[in-house]
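Under the heading signal peptide, TrEMBL lists B:1-22. Look at TrEMBL and you will find B:38-57, B:106-125, B:151-172, B:184-209, B:216-235, B:265-289, B:301-326, B:366-395, B:416-435, B:441-465, B:472-498, B:510-528 tagged as transmembrane segment.
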């Protein structure tokens, strides 16, 4: 890519906005996923008693919905990211590409 | 031959013994009676996929078609193909088997295998598509020294692929022995021949469709099994769990974490390997170049995450279904072991057969044949993806970029990739034969440890950190590669389990090196880049701005080839 175009895009306020918004969002989601997963792993390591607690009168323990929730949350977080990227970030990207021409 | 096997095993042999449980068919297996309905359905699958390969071969005339299906795969198709590439027979049979023997511990694994996908979505998928063309080395070496970083990435790819492939080939041979009553040697040969055929003639197009069909069959078969199990219990999970607790020798211990996770450091280290290893597997990363643009790449991971998450929830139900319907049925149990060790240990063919016997229990012999054929199809889809990734590392990264300095004639590069595929196929068959009697299940774990200690740090830093230099990536990446393998050899799995030293004498106390080897790789990459004052370092850092613009906007990204 020509240096001139690179300079023009990096100094474009829309580009700066896209980068700062997406970077903040992507890393926030990453940290959230890390907290959820390693929280679960630490619970497995240190909180066996808690995970083994029964819900109500049956044999189902609290660990079952928590484990399933981590799987479901991973999918939901991915969905939230994709939804915002498909609309907001793609619109900003289109604007930058237009302005770079 | 024997000495070579021992040598390879020692240098390779790996960590994450917990993974061993989940990763494949272990130990001695006995050949079963020939299962004709399974063979019939499998032949149907082979005929269909060979037909697709013939169709794909007419479209595989260019390097772009061979490596990336010309970028012409849709997001939905790629989502299924990623799922088909990732959901191995190990995760289907291994995790349902682990749930069968230990209950909740199997769920801890399933979670680990899934949580890498959001990370891939947030940080890797879009930059990868915007910056790369055929391999992840395209991205890692985008602004760095081509020769050095291509060699590093090719080493990381090939070592990861090799260990993954050994585990798959040996698993395949044993599985086919059990399922179809075929000799181990013929089984391994057949897998090798089919894999070479799909990849050399059909390239990425054929590989993609094999993976899509397999994902479709596997998800369909697993859904049917889980539904039949739930139907048996009136769609009341509590009734399923209650029955399982009643019949399982471990009682209500199967409803909570058991002995799988020994200490917090090992648990976290295993988590690191599974989570970040996913983001460093070359055959998975390669799939993002098959779609048109970054948007399609991002959507395809979302679909894949959904399919894979759904699948792991099914394996949990299938495992519990097997506890209630297989361990209570003498048809599936060995009477001598039943008398001495109880119903769970008595399962015919070992715990990895839990899902297969359950298929028989809920759907009879025809459905058993279907699931056996699906398990075989699963192996073929995974080994084809691995072979393609390995061949690309040899032809695109080593031949075209390092040896020919990026000036290779396209048809020569294409020919080289096919030669590399045949070479890898023969190597895979030979390794499959050499390792037949060895326990190789942990090699999948080693592949993940290497992927997260070498490929992932180099890729992530090259995309996001301006300060990264060629020297930093090179030294840090190789240190991650070497340390992950070394720590595995010095850890309890190999030191005690393979080399036969007394228990507790392992120089490295943890079975999972990932936390340490990945940490070391990141730290070294940072440190060396910081103190690197060379001319090359200045060029590396100066080139970041242009890379960053392309990474963020996709301007200049390689376009889908017109068909």
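In case you wondered, yes, glycine gets a Cβ from its N, Cα and C as well.
Just so you know, TrEMBL annotations never went through curation; they're auto-generated.
Walk me through where these features lie, including what they touch and how far apart they are.
For the transmembrane segment (B:38-57), the residues of the chain that approach it from at least six positions outside its boundaries are 179-180, 194, 197-198, 201-203, 205-206, 209-210, 213, 217, 368-370, 372-373, 376-377, 380, judged by C-beta separation under 8 angstroms.
Sequence-distant contacts of the transmembrane segment (B:106-125) (same chain, six or more residues past either end, CB-CB distance under 8 Å): 18, 22, 91, 95-96, 98-100, 257, 260-261, 270-271, 274-279, 284-285, 288, 294, 297-298, 300-302, 304-305, 308-309, 312-313, 315-316, 319, 459-460, 463-464.
Counting same-chain residues at least six beyond the ends of the transmembrane segment (B:184-209), those with a Cβ under 8 angstroms from any Cβ of the stretch are 46, 49-50, 52-54, 56-57, 59-60, 65-70, 73, 77-78, 81, 169, 172-177, 290, 379-381, 383-385, 387-388, 391, 418, 421-422, 425-426, 428-429, 432-433, 436.
For the transmembrane segment (B:216-235), same-chain residues at least 6 beyond its ends with a Cβ under 8 Å from one of its own Cβ atoms are 45, 80, 83-84, 87, 92, 243, 307, 310-311, 314-315, 317-318, 320-321, 324-325, 355, 358-359, 362-363, 367, 370-371, 373-374, 377-378.
Residues 16, 18-19, 67-68, 71, 78, 81-82, 85-86, 112-113, 115-117, 119-120, 123-125, 128-129, 132-136, 156-157, 160-161, 164, 297, 300-301, 385-386, 388-390, 392-393, 445, 447-449, 451-452, 454-456, 459-460, 510-516, 518, 558 of the same chain sit 6 or more residues outside the transmembrane segment (B:265-289) yet have a Cβ under 8 Å from a Cβ within it.
Outside the transmembrane segment (B:366-395) by six or more residues, the chain places 35-42, 44-45, 49, 67, 84-85, 87-89, 92-93, 134-135, 137, 153-154, 157-158, 161-162, 164-165, 168-169, 171-172, 175-176, 179-180, 191, 194-196, 198-199, 203-204, 206-207, 210-211, 213-215, 217-218, 221, 224-225, 282-284, 286-287, 355-356, 359-360, 413-414, 416-421, 423-425, 428 with a CB less than 8 A from a CB of the stretch.
Counting only same-chain residues 6+ beyond the ends of the transmembrane segment (B:510-528), those with a CB under 8 A from a CB of the stretch are 15-18, 263, 265-266, 268-270, 272-273, 276-277, 445, 448-449, 452-454, 456-458, 461, 467-469, 471-473, 475-477, 479-480, 483-484, 487-488, 491-493.
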